[in-house]
């Protein structure tokens, strides 16, 4: 009898302990659910090379603790890979232009640099790149300074030359140092394709200020044909931040050299706007890479792009830059309203001029985004 009572008591104690654990789990879930309600979710979208991942890194630098030494060092192979990839694109591009261009002679690499060029092109085509040594950096610098390579670089928009090319080529000595640790600028310029989903949580006014919203920012990678698989997972996000590289109106895609990048951006923006899961979602459009755009538009007319074929230049210099930018901005505004259902026209839509590499501008822009979304929340709560 005593044994039975003892067992019964143990079972009751076990049940009580289990019930207490269940209650604690439920309490934590409830607390986390409440906490989640106060987090505004933002989704970063954009076509390849739009600069959205650079925006993501800027947010980490601006509103979090930035990159620690281990994270900075993890970018060493990325930076070195960018260097090798860049010099290969330029070398191979010069050979192609030397064979096919009308004025082909200026794209012929000098005899003394041809062997160096072949060697570096072979390295750039590998799956695994060697660490950048002083010797290799000197050879890359020699080839970079070759007149044919400089002529080729001037036509970089035709050859998939990355935006980071000039920056890394001008810093080869530092990048090849045996004790090299990437700077935050190196990390911002470094180009690596986003795969999967990465996220960070931040507040533009600091975590300790009660008035500040807390945001969770998602950067999503993936090929064009994979978008339909994951887009619905972000139903209910507070806002979509769509990055459009306005400087790329004369360039083609990496994955499809017959497809203009601006046309790809137009089609992606239109597709995202029409998604049912974003019917009540705010849209923040970042017209990115303005720093490149303002230089390019004075030399390459906007109307080389099919979408901008009705563009007519009106002036030169700063006035022409402003005119061209306003034209592009209006095109995106028209596309937004054409692609937005009548019952969704009251959702928030804002356009911001952006340069992802300009930290002060990114900080200012995100303060404006924060202010816009906080006002929307107050309005929906009936407090405005």
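Note that Cβ sites are derived from N, Cα and C of the backbone, with glycine treated the same way.
Under the heading N-myristoyl glycine, Swiss-Prot lists 2, citing similarity to another entry as support.
Under the heading S-palmitoyl cysteine, Swiss-Prot lists 5.
Swiss-Prot lists 38-384 with the feature domain 'G-alpha'.
What Swiss-Prot lists as region 'G1 motif' is 41-54. Taken residue by residue, the region 'G1 motif' (41-54) breaks down under DSSP into 3 helix, 6 strand, 5 coil.
Taking a C-beta cut-off of under 8 Å and a sequence gap of six or more, residue 53 (GTP binding site) has these contacts in its own chain: 192, 194, 219. Annotation source Swiss-Prot lists GTP binding site at 49-54, 163, 188-189, 194, 222, 288-289, 291, 356, citing similarity to another entry.
If you look up Swiss-Prot, you'll see 53, 194 marked as Mg(2+) binding site.
Helix, strand and coil residue tallies for the region 'G2 motif' (186-194), in that order: 4 helix, 0 strand, 5 coil [DSSP]. Annotation source Swiss-Prot lists region 'G2 motif' at 186-194, citing sequence analysis.
Summarising the annotation, Swiss-Prot assigns region 'G3 motif' to 215-224.
Per-residue confidence over the region 'G4 motif' (284-291) averages 97 (mean pLDDT, predicted model). The region 'G4 motif' annotation in Swiss-Prot covers 284-291 and is backed by sequence analysis.
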Long-range environment of the region 'G4 motif' (284-291) - Cβ separation under 8 angstroms, sequence gap at least 6: 46, 50-52, 55, 163, 239-248, 269, 325, 328-329, 332, 336, 349-358, 365, 369, 372
Least surrounded among the binding-site residues, given as 49, 163, when other CB atoms within 10 Å are counted: 163
